[in-house]
Amino acid sequence: MKHQIQGSFMKDKVDRRLAIWLYCGAAGILIQILLGGITRLTGSGLSITEWKPLLGAIPPLNAAEWEHSFHQYKQIAQYKIVNTHFNLEDYKAIYFWEWLHRNWARMLGLLFIIPYLLFSLKNEIPKKLHLHLIVLFVLGTLQGFMGWIMVKSGLNDTDITVSDLRLAIHFLAAVVLFAYTLWVAFWISIPNYLMLPPLHSKQTPFLLLIVIILQLFFGALMAGSKAALSAPTWPDMNGSLLPTALYETGADPHWRYLLVVQFIHRLLAYLILAFTIILYYRKGKQRPQQFSFVTTKLPLLLTSVQLALGICSVIYSFEPFVRNFALLHQLVALLLVSNVLLICYLNQKNN
């Protein structure tokens, strides 16, 4: 039986341009999140100690400006405790990644504002889309402020990194911005004839998405606190499925915190795997074969790859090359979010 379901509200060439604009924005946000990961992994996040939303786009242009910027970096704990061996060339290397991360954010702002103004001047943005675009703009602006608040947490005489909690909030906000951009793009680009019969029970994909978002938060805590170093073993945690430090009264609070973060991160990974197995076996009625891979097999495949990357990131957490696993781990997480978000969109349209 053919399901008559309201699809996207726009169909013409103008609408396709709007959709392409939003999909490009989502891709840009994904790249920005990965640049944030590179910035963290290279220890570059505290290299620029001031926040200039506009003038900060221009890097130091001569030797005097570079020396001034390097001198400011020398005032914080990260230099005094970790990087005292740095010369100017070393500093320039970490400066580059933080500068690129910030400038990519500025570029994303222009990618949003300029097309928005052009579409608005031509009266090509439907009224009900305006509110979503305003929300996207507000979320993007807040993300910039949150990034600076995160950086400020490490600009002092005691901390050699930023706050892991602020980093997790900053990362999660970026994921929400990415997901919301995709959702709006789905809304204006998926027409009626591509809508599927009911995929799953309405609750399962949304519950999975919630668990994934929670998992991303704990993953960011793992990264920010370097919690992987507290138990670089698998499937056990330092020889036990339940580390004694989790319940011993005399355990060091910080050590316990690291183990708790990693323990929860592992449990959520297994829960996500269970959800994707449910999606795989609970097949929707009359599902077209061409959509079967995206809606049932791909979530399980991405989760399996993600689990393997996570295990490698933990086991080899003391090795420098683990950065490659960590960055891929982050990328696959975003691909999984995109995949499950699409399933949620199709599912809610059919219930």
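Every residue, even glycine, has its Cβ placed from backbone N, Cα and C.
Beyond the ends of the transmembrane segment (20-38), by six or more residues, the same chain brings 44, 97, 100-101, 104-105, 107-108, 111-112, 115, 119, 136, 170-171, 174-175, 177-178, 181-182, 184-185, 188-189, 223, 326-327, 330-331, 334 to within a C-beta distance below 8 angstroms of the stretch. The transmembrane segment annotation in TrEMBL covers 20-38 (among others).
According to TrEMBL, the transmembrane segment annotation covers 104-121 (among others).
As annotated by TrEMBL, transmembrane segment applies to 133-151 (among others).
Annotation source TrEMBL lists transmembrane segment at 171-194 (among others). The list of residues near the transmembrane segment (171-194) in space but at least 6 beyond its ends in sequence, with Cβ under 8 angstroms from a Cβ of it, reads 4-11, 15-16, 18-19, 22-23, 25-26, 29-30, 32-33, 36, 129, 132-133, 135-136, 139-140, 142-143, 146, 213, 216-217, 220, 334, 337-338, 341-342, 345-346.
Panel annotation: around the transmembrane segment (206-229), residues 37, 40, 161-165, 167-168, 171-172, 175-176, 257-259, 261-262, 264-265, 268-269, 271-272, 275-276, 279, 299, 313-314, 317-318, 326, 329-330, 333, 336-337, 340-341, 344, 347-348 of the same chain, lying at least six beyond its termini, place a Cβ under 8 Å from a Cβ of the stretch. The transmembrane segment feature in TrEMBL is assigned to 206-229 (among others).
According to TrEMBL, the transmembrane segment annotation covers 257-280 (among others). Within its own chain, the transmembrane segment (257-280) is flanked in space by residues 200, 204-205, 207-208, 211-212, 214-215, 218-219, 221-222, 225-231, 237, 242-243, 245-246, 295-297, 299-300, 302-304, 306-307, 310, 314, 343, which lie at least six positions past its ends and keep a Cβ under 8 Å from the stretch.
The transmembrane segment annotation in TrEMBL covers 300-318 (among others).
According to TrEMBL, the transmembrane segment annotation covers 324-346 (among others). Within its own chain, the transmembrane segment (324-346) has Cβ neighbours under 8 Å at 30, 33-34, 37-38, 41, 175, 178-179, 182-183, 186-187, 190, 195-196, 199-200, 205-206, 208-209, 212-213, 215-216, 219, 223, 279, 294-295, 298-299, 302-303, 305-306, 309-310, 312-313, 316, counting only residues six or more beyond its boundaries.
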